[in-house]
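One structure is given below, encoded as structure tokens.
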């Protein structure tokens, strides 16, 4: 600038332009212009009159602060306020008082409560000094809101009443109305709804009297939220719509978005999901338009919650993660914790319990850090519900009781009722009906006291379920009808769907099938009307059971087909999220497939029943593999597409397929021969007649538990390659104690019983040299190779055994292009140096594995390949090579439950922070992102094949390798002693190197082990093949040293 005059002129014009941009919603552009003005004034500060410079500096800073306030950018607003405070220095006490107040407000919004408190106190002291009573009142309002956020309700009330007294004293009618509104919100938080209504109505009357249209809309909105809490939905809607009308009329875009969001939440409560979505999207559009980042995050969170309730889990995650990102960006700690909690709940609903716990614990940590006692209680309650889902009932009770204690201490009545309800559900699940009754009575007393009609209906429903469990059916009907009556009165449609279903269930128990059908059909129609796909799916499942109990099997099948189609719709919402699809299948999808398969086989349609079994086995992994091989998905619930299953086995030489489906007290078998012929058998089993320790009455549970609790461990020293949280892993190799030997008698009894149940009935039909077994998910724990007939002859002595998750996945491998898989090259990984790292949130020293190193070196010599060992076995090195080789062998620490392999972190100096999980853990997510070309993956990681049993049956990290494109996976079921491991691997690879198939090589390695001093089951039986029977042509490989 050439002159001071030009500079002042430019600033004046700039400020006018920026103000116009801000007022027309282009706030970010306005901020840039304001900053340009600030640069100009800085450049002229030495030549402009000091008084004028101060005035202009303050005006520009305040304009920037106002703009950041408008878009709720807390971080930048705080920074500019602090800059302004430094600029003011020791001058202008009045201005400094208001800057201190504004800083306190922005710090409170970021949950930095102690810092905020200090600034409030300093603002009050300044304002007392200069006699600004009005300013003191505003400080008291802020302190009241802060202590309400901290759930210190007595202090909050004290400060709000101080503010009210000041506004009355100085005749500030607008401030008086604000104080009444604040006290109304406070009493609502405490569950004192009558008092809350009195104060909100006082606020409204004053605002109307003084013509404060903006404040009037705020009061209508507050009353609407209050009435919604009470279940008075018609009144709630009336008041929210009044607020919206005023805000549109006066051009308050921020308030308009708030009203749309409130109406969206209200319509969601009523089950009007289309309207809820419409209003939330309107709110979001305005928030984005006016650059309100805080409001935008809130809208994303609301949409995420809405989509989750509709079963659109993929969309729900996207929106919740958007909300979280913004909240972190703008420094909203309280909102950040809320988003973590929402994501935790989402992951729990899909069965992602590790992630759910991680996010809930993040939420809890923030709530404790910022002193939000109510939020802390909510997090404890969420964690309690999570542990209940996992069957950890003691922990669930501990967390629910922590939540309850906090809610009672802070006087939060609604939260207290929620905690009582959660404890009711827990004790109901445990069969402790007396305890459940006690907590339910307390919940009901609180809910009736605060007028929570929706909660009261939910409590009556719980009483109905308890009465049913006790056989008190008259009482149950009375309670179900009371719940129905309340939901009908308040118009809560999702609750009505639940009530119709409960009444249908009740009348079915009473064998009043016509009435049961009437109520279930009402539930179905209403679930369709409100667009709740998950509820509709559940209603169809209930109707199928009803029709089956009437022996109307054709109608039952029809309902099941519809349920499966609806499940496909829900599954489609998850798009390509493989983990979500699998979890969702486990949680909701197994029942209709299994029940339909049973119905079809019961009516003589055994081949159709097989097709249905294949549908449930193939979903998820087959889709993922189809994407990897770039072929069209062939898995469909349309019966007309069911063909060609038997043709898959015709491509497997000298093989028969044993397809197993397990019910509670029966096992069904399909034997598919290479000719395409299919034979079907069914065997009823009564486990209560067998005296085997640990066996539960249900057959599927027996298979899940019999070998999970009796995994074999050898007597010799064994290198523990698991990442389990045990002291053993961190012990030096030479100081490791001998692993415990399990009760071999009980284990043998279980093996014998398994042979009688799943092999003996079909043994005469399995005469081929190789058996391909497609097990039900619960049967994956059974070590088929170790099953022996009454004469003691092992099944694996007479035939080769291979596992496939489903025939569809086998077909995808069979049909993959010949050039897809690599024909040469090997990645051998052994004994990565992990060292001290952060694992599961705490410091952990991962011990070396000298035997794994020896194993890798031996295989490297045999194949002529340099293995990645020690420090060279980094995650980066492995991922660089993994998608270009034909054979992968990993001997390292593994966590089967989480599907992870520990590799060496990249080099770090002694001063570097400890590596975190992402630096050294090879996860299922990492593997799924690669495009493997490997024909065989060998996982020599302790328990690597004993991870979560998925519905498809593929367990642990083996599933991720198959899904990423591997043809076959060889994985260990349990830890093998060190000497046996070395001998087994040497023998297996020697046969593989000679050109024999992986199945034949494994078969001969087992035989050699049994005949050469390693005759214990624990020494020769742990490995299993999952997938195709591959061969290698090592002719073009480097000439190795064959042992």
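Glycine is treated like the rest: Cβ placed from N, Cα and C.
As annotated by TrEMBL, domain 'CHAT' applies to 755-1028.
For the repeat 'TPR' (177-210), the predicted model reports an average pLDDT of 92. The feature repeat 'TPR' is assigned by TrEMBL to 177-210 (among others).
Residue counts for the repeat 'TPR' (217-250) under DSSP, split into helix (H, G, I), strand (E, B) and coil, are 31 helix, 0 strand, 3 coil. If you look up TrEMBL, you'll see 217-250 (among others) marked as repeat 'TPR'.
When DSSP labels each residue, the repeat 'TPR' (257-290) comes out as 30 helix, 0 strand, 4 coil, counted as helix, strand and coil in that order. The annotation repeat 'TPR' is assigned in TrEMBL to 257-290 (among others).
Per TrEMBL, the feature repeat 'TPR' maps to 297-330 (among others).
Feature annotation from TrEMBL assigns repeat 'TPR' to 337-370 (among others).
Residue counts for the repeat 'TPR' (377-410) under DSSP, helix first, then strand, then coil, are 31 helix, 0 strand, 3 coil. If you look up TrEMBL, you'll see 377-410 (among others) marked as repeat 'TPR'.
Under DSSP, residues within the repeat 'TPR' (457-490) fall into helix, strand and coil as 32 helix, 0 strand, 2 coil. Annotation source TrEMBL lists repeat 'TPR' at 457-490 (among others).
Only residues 6 or more beyond the boundaries of the repeat 'TPR' (257-290), in the same chain, are considered here, and those with a CB under 8 A from a CB of the stretch are 25, 27, 70-71, 217, 221, 224-225, 228, 233, 236-237, 240-241, 243-244, 247, 296, 298-300, 302-303, 305-306, 309-310, 454, 491-497, 526, 530-532. Break the repeat 'TPR' (297-330) down by DSSP state and the numbers are 31 helix, 0 strand, 3 coil.
For the repeat 'TPR' (177-210), residue counts in helix, strand and coil come to 31 helix, 0 strand, 3 coil, using DSSP. Sequence-distant contacts of the repeat 'TPR' (217-250) (same chain, six or more residues past either end, CB-CB distance under 8 Å): 177, 181, 184-185, 188, 193, 196-197, 200-201, 203-204, 207, 256, 258-260, 262-263, 265-266, 269-270, 414, 450-454, 486, 490-492.
Mapped onto DSSP helix, strand and coil, the repeat 'TPR' (337-370) counts 31 helix, 0 strand, 3 coil.
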